[in-house]
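Quick look at what TrEMBL annotates:
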type	residues	note
REGION	1-27	region 'Disordered'
TRANSMEM	33-55	transmembrane segment
TRANSMEM	75-93	transmembrane segment
TRANSMEM	100-121	transmembrane segment
TRANSMEM	199-224	transmembrane segment
TRANSMEM	258-277	transmembrane segment
TRANSMEM	289-312	transmembrane segment
TRANSMEM	318-336	transmembrane segment
REGION	345-377	region 'Disordered'
Amino acid sequence: MDSAISDPHNGSAEAGGPTNGTTRPPSTPEGIALAYGSLLLMALLPIFFGALRSVRCARGKNASDMPETITSRDAARFPIIASCTLLGLYLFFKIFSQEYINLLLSMYFFVLGILALSHTISPFMNKFFPASFPNRQYQLLFTQGSGENKEEIINYEFDTKDLVCLGLSSIVGVWYLLRKHWIANNLFGLAFSLNGVELLHLNNVSTGCILLGGLFIYDVFWVFGTNVMVTVAKSFEAPIKLVFPQDLLEKGLEADNFAMLGLGDIVIPGIFIALLLRFDISLKKNTHTYFYTSFAAYIFGLGLTIFIMHIFKHAQPALLYLVPACIGFPVLVALAKGEVTEMFSYEESNPKDPAAVTESKEGTEASASKGLEKKEK
């Protein structure tokens, strides 16, 4: 998981494009400000809209849109798994040809990117289809076994509108595959981030603290302790980071001196912010205090990261600044409002867990029976 923010500029040969043995001309202050501001804006969009969509996702009944719930055990193991993955990629790039590895990764992310982008734009595109559009429903179902032992492997429901979105996303995919253009990279990166915030749900605030705390240590170690993360981020030709050229004003769309932000710095704080939005809604006070507080904390943390990086001219582990801000600000607000107990006792069940489904059904049946009793009285 790439989670560093990097700033290759002022003649550095560490930028995304080829240098051919020459140093780059210094980036202008305007170009640097534009790149930083654009990265900040691009980071905020998937968090904001992904959090809103996570609320609908949590209430949805469509099996294809069911969220994946992260438990405390998952959160504790995640930094270890991420470290092994990161180190494995680093060794692969050292041992094998970077060209062939990136070719395989490009094909893999080509498919994933098309699916993610299609899922992202589908709600927006539905507004542009006329009422007379012939929309048919489809279901992709793969099962294993037979009779009572039959088990669903894939159960995906879609319609004709989704196929149109898939076709449009494929155009972006081909553009990315052929050109590796930074705009196509960012479209896929934004789609991955939004889908991550929407579909990855923390089951409670304590789990979120465990996840963010573990990745805080992970990020600091791999950025400050080694050159592994920065090396992988710059060798890995895949949409796992958002990039924006600092020489856009000089070279236009063909600019190649990029500042970059890892998707981990968006998705990891983003799923915690989305959890706080759902917690706000559970309080039924018609306010989104904790969501807006954590959202402002994210802006503060990422802004501080960019400032420190610009001052010291060195890649920064963004979670070093984001984690204390995104956890600390909402907890301080909860302390001030006397809602710390409510915050840490808030729990979300896994909709894919049969026990949770059974419990939900029993609760619905109980509510229905109470309603019937009141009518009879």
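Quick reminder: no glycine exception, Cβ is built from N, Cα and C everywhere.
TrEMBL labels come from automatic prediction, so no person has curated them.
Among residues of the same chain six or more beyond the transmembrane segment (199-224), those with a C-beta under 8 A of the stretch's C-beta atoms are 3-4, 54, 57-58, 65, 67-72, 74-76, 78-79, 82-83, 86, 230, 264, 267-269, 271-272, 274-276, 279, 315-320, 323-324, 326-327, 343-344, 346-350. Sequence-distant contacts of the transmembrane segment (258-277) (same chain, at least 6 residues past either end, Cβ-Cβ under 8 Å): 1-9, 15-17, 32, 35-36, 39, 42-43, 46-47, 50-52, 54-55, 70, 182, 189, 192-193, 196-198, 200-202, 204-205, 208, 211-212, 215, 219, 233, 240-246, 288, 290-291, 293-295, 298, 301-302, 318-319, 322-323, 326-327, 330, 348. Packing against the transmembrane segment (100-121) from elsewhere in the chain are residues 92-93, 162, 165-166, 168-170, 172-173, 176-177, 180, 187-188, 190-192, 194-195, 235-240: each is 6 or more residues past its ends and has a CB under 8 Å from a CB in it. Taking Cβ pairs closer than 8 Å, the transmembrane segment (318-336) reaches residues 3-5, 208-209, 212-213, 215-216, 218-220, 261-262, 264-265, 268-269, 272-273, 276, 289-290, 293-294, 296-298, 300-302, 304-305, 308, 342-343 in its own chain, all 6 or more past its ends.
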